[in-house]
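Undergrad: Shown below is the structure under consideration.
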Amino acid sequence: GSTSECFWKYCV
């Protein structure tokens with residue numbers, strides 16, 4: 001993906 005948002009153990 002182009003985004004680098006990580007939450008807990010999930011990166012989107």
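Residue numbers in this text run from 1 along the chain shown.
Glycine is no exception: its Cβ is also placed from the backbone N, Cα and C atoms.
Keep in mind it's a predicted model, so treat the numbers as computed, not measured.
Sharing the feature lines straight out of Swiss-Prot:
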| type | residues | note |
| --- | --- | --- |
| DISULFID | Cys6-Cys11 | disulfide bond |
Undergrad: Cβ distance under 8 Å to Cys6 (disulfide bond), same chain, sequence separation 6 or more: which residues?
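TA: Non-local contacts for Cys6 (disulfide bond): Val12.
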Undergrad: Which of the three DSSP-derived classes (helix, strand, coil) applies to Cys6 (disulfide bond)?
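TA: For Cys6 (disulfide bond) - judged by DSSP and reduced to three states - the answer is strand.
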Undergrad: Using a 10 Å cut-off, grab the number of neighbouring Cβ atoms around the Cβ of Cys11 (disulfide bond), all chains included.
TA: 10
